[in-house]
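Engineer: First the structure, which I've put down as structure tokens, then a few questions once you've had a look.
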Amino acid sequence: MSAFSEAALEKKLSELSNSQQSVQTLSLWLIHHRKHSRPIVTVWERELRKAKPNRKLTFLYLANDVIQNSKRKGPEFTKDFAPVIVEAFKHVSSETDESCKKHLGRVLSIWEERSVYENDVLEQLKQALYGDKKPRKRTYEQIKVDENENCSSLGSPSEPPQTLDLVRALQDLENAASGDAAVHQRIASLPVEVQEVSLLDKITDKESGERLSKMVEDACMLLADYNGRLAAEIDDRKQLTRMLADFLRCQKEALAEKEHKLEEYKRKLARVSLVRKELRSRIQSLPDLSRLPNVTGSHMHLPFAGDIYSED
């Protein structure tokens, strides 16, 4: 990966698009350079405020991706984003429309669900986003309809995916978390003591308690890491599903167009074949001049009219 500099980050942020691939690519670059987390967050906040309103939400998507996916590597980004994230939410919320606030609300819901930040930060984010109004609780049916609408809007880009992009997406899933046999074995081998609260009664001394605490901590880290990888894989598979749907739609449109062209050229072929057949028929009925006597340069004279009509 390229070396980190504030100028390089500014350039990458200026080129950031709303596509999942663009966000994830820059997110990976930032996580790779996580030792520069403080200047990264500073540049991110500065460029966020300079960005056009229709690009501000993408900056929050980037922060979300970095914060969630860097947790496995270390707490740097979660900690360094904390002092600025509330004001960032407030800024984006005030500069954009209700649709954007709806997307911000989804990000906030995920952070609540996954306990990305402490409750006091989450409450400040809610205040920044909703003000004194509490977010309205939605029914299960409303949530499903909302998800379907969101999936449809993301699944109908103006341009279908390139074949190479589709192949790469499929190849990436060959090494997906669900196929990691080694981790499966480690999870399957977790001792029952770390999974059953009822067995805590068997702890009789501090040493055994600390030993079990270490085992539980390791199990939590293993499962949290694997759950994060599975969540990322689910997102990748959803994206691949959309890509395949777009690719299939494009291929169906191309198929219909080519079938129409084929019928058109079949009709042209039929017309040309008919002309050829008729031409051959007419050629057969014409006299063959090559079979006439060659009179050029011969001493043979054509008869005179008087010779033809002379009386005997």
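Just so it is clear, glycine is given a Cβ too, placed from its N, Cα and C backbone atoms.
Under the heading coiled coil, Swiss-Prot lists 244-286. What Swiss-Prot lists as domain 'CID' is 2-133. Here Swiss-Prot flags Ser2 as N-acetylserine. Summarising the annotation, Swiss-Prot assigns phosphoserine to Ser153, Ser156, Ser285 and lists a large-scale study or a structure entry as the type of evidence.
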Engineer: Which residue counts does DSSP yield for the domain 'CID' (2-133) in the helix, strand and coil classes, in that order?
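Structural biologist: For that range the per-state counts are 106 helix, 0 strand, 26 coil.
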Engineer: Mean pLDDT over the domain 'CID' (2-133): what is the value?
Structural biologist: 88
